[in-house]
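First up is the structure itself, then whatever we jot down about it.
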Amino acid sequence: MASFMRSLFSDHSRYVESFRRFLNNSTEHQCMQEFMDKKLPGIIARIGETKAEIKILSIGGGAGEIDLQILSKVQAQYPGICINNEVVEPNAEQIVKYKELVAKTSNMENIKFAWHKETSSEYQKRVVEEDEEPPKWDFIHMIQMLYYVKDIPATLKFFHGLLAANAKILIILVSGTSGWEKLWKKYGFRLPRDDLCQYVTSSDLAQILDDLGIKYECYDLLSTMDITDCFIDGNENGDLLWDFLTETCNFIKTAPLDLKEEIMKDLQEPEFSVKKEGKVLFNNNLSFIVVEANV
């Protein structure tokens, strides 16, 4: 690995912009919307049974777009029931955006919001240190955030222990069938790493849950990321997408020529992408893992 390559996470503003470009060029949120519309109602069908209040914990809620979709489904399932929605999110900018989104969204009257600017591990530490009994939750969701957890088995075990009767955890992350799995396995050791992020897919998560003896169901949904601009020399959008794909700041400018050529060639191969109507569509398949409370 060339010493002048550095992690994308070392430049916060560039990371935020590259992530925005990823969302704009992928079907990520549409894929999540499809799951929320078709699968989520059945998953949450019993979480609020006989309860005067439904408690929801969002780990890594970001700017709240998907959180509000989830809340609308819970409201539809349990009309009039008070919902207590707590958000654990380490990024202050994202919390501001989340609050702005709530402020301009209608039908939020029966939902109480609380935001905690902290990581999931900081939340765990705070809960453990408090003398009172840890709170129980009816629904916990972790959307595209397990990559930023150092000890995934311990994290899953902890939050599984916070589930109330009939409660569920929803975890969303990239599928083991996605191009990400192949990209990380083949090139991860040649790209700059830092402690903030690790490579994990649904295949890894299934093994962890099996080892912990935790019951779960997994749903895979198709998603793509349009990386056509990545193959246009000097294209700003393409350069930012390269940064997101490789988690490398200014990948095109700083990566060794041989590495760039190899990845560029591979990402156009069928195991990574499909070519359709002149576009190169990277396999961004997502997995939705639903974890159940102990009976």
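Using the three backbone atoms N, Cα and C, a Cβ is placed for every residue, glycine included.
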Per Swiss-Prot: S-adenosyl-L-methionine is bound by GLU89, GLN94, SER120, ILE143, and from GLY60, GLY161, GLY176 the site also lists GLY60
CA pair GLU89 (S-adenosyl-L-methionine binding site) / GLU28 (substrate binding site), Å rounded to integer, equals 20
A correct count of other C-beta atoms within 10 Å of the C-beta of GLU89 (S-adenosyl-L-methionine binding site) gives 25
GLY60, GLU89, GLN94, SER120, ILE143 bind S-adenosyl-L-methionine per the record; greatest CA separation between any two, in Å, is 15
For ASN284 (substrate binding site), the number of neighbouring Cβ atoms whose distance to its own Cβ is within 10 Å equals 23
